[in-house]
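*Asks:* Would you mind keeping the following structure in view while I ask a few things?
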Amino acid sequence: MRLVLLGAPGAGKGTQAVVISQKYNVPHISTGDIFRSNIKNGTELGRKAKEYIDKGLLVPDELTVDIVKDRISQPDCKAGFILDGFPRTIYQAERLDEILKELNVELDCALNIYVPDEEIIKRMSGRRVCSKCGMSYHIVYNQPKVENICDSCNGELIQRDDDKEETVIQRLNTYHKQTEPLIEYYEKKGKLLTVHGQEGVDDTTKEVLNALSGVKL
């Protein structure tokens with residue numbers, strides 16, 4: 001299974017990617033995780049990426065394409081992979097096609113998880129993370145026992161810069177302008193599947209697995 005996950009930030013792509021990864025025994029490749037790791041470790045790539053991420057902008061193509069090419073060329077991707085956060089532009093999608101051609105493989109499908117903007121804003125701006133251990137919470141859906149205090153280590157809960165409402169709105173605007181055209185791109189190639197992700201996680205998972213069961217591998 002070689003799969004691209006599409007959908008606005010906060011649509012639940014990462015959650016569903018874990019399920020799909022376990023079901024099809026292929027690695028989940030999140031460009032967001034790669035960038036966050038580099039930012040945390042203070043690498044040159046991390047410093048460059050942080051400038052864009054903090055403003056709610058996309059990391060430039062040339063920074064992203066090389067990372068993805070290297071990752072999907074690894075032995076554990078021979079049987080497939082799930083790309084989460086890439087491609088985000090038509091140019092990146094075209095570059096991905098070139099990379100796959102070089103590897104003599106094809107993309108099986110692009111799965112689009114659709115969630116309305118209002119729900120995305122509610123989900124993302126309500127996120128909180130522990131400043132000590134990194135555990136995730138939500139002020140509506142997953143509250144700590146004591147407000148703003150981590151259940152596990154008593155660390156202070158903070159809102160990441162890219163989860164602030166004004167940044168979320170900027171990220172959505174960027175998504176609609178630059179990433180949404182990918183839906184049409186993959187639809188024209190006959191690779192697009194769309195599921196609705198505004199219900200609970202379990203309902204979305206059922207819809208995702210049902211949609212993927214019809215993909216010819």
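Heads up, the Cβ atoms here are built off N, Cα and C, so glycines get one too.
Okay, so Swiss-Prot annotates it like this:
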type: BINDING; residues: G10, A11, G12, K13, G14, T15, R127, S136, Y137, E199; note: ATP binding site
type: REGION; residues: 30-59; note: region 'NMP'
type: BINDING; residues: T31, R36, L57, L58, V59, G85, F86, P87, R88, Q92, R160, R171; note: AMP binding site
type: REGION; residues: 126-163; note: region 'LID'
type: BINDING; residues: C130, C133, C150, C153; note: Zn(2+) binding site
*Asks:* Taking the Cβ of G10 (ATP binding site) as centre, how many other Cβ atoms lie within 10 Å?
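*Replies:* A count of 24.
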*Asks:* What same-chain residues, at least 6 away in sequence, bring their CB to under 8 Å of the CB of V59 (AMP binding site)?
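*Replies:* Set apart from V59 (AMP binding site) by at least 6 residues yet with Cβ under 8 Å, we have T31, F35, K48, A49, Y52, I53.
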*Asks:* What average pLDDT does the predicted model assign to the region 'LID' (126-163)?
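*Replies:* Looking only at the region 'LID' (126-163), pLDDT averages out to 94.
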*Asks:* Helix, strand or coil: which one is G10 (ATP binding site) in, per DSSP?
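*Replies:* In the DSSP reduction, G10 (ATP binding site) maps to coil.
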*Asks:* Within 10 Å of R160 (AMP binding site) by C-alpha distance: pick out those among the binding-site residues G10, G12, G14, C133, C153, and say none if nothing qualifies.
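*Replies:* Within 10 Å of R160 (AMP binding site): none of them.
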*Asks:* Do me a favour and check the Cα-Cα span between G14 (ATP binding site) and C150 (Zn(2+) binding site); whole Å is fine.
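*Replies:* Taking the Cα atoms only, G14 (ATP binding site) lies 22 Å from C150 (Zn(2+) binding site).
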*Asks:* Quick one: what's DSSP say for C133 (Zn(2+) binding site), helix, strand or coil?
*Replies:* coil
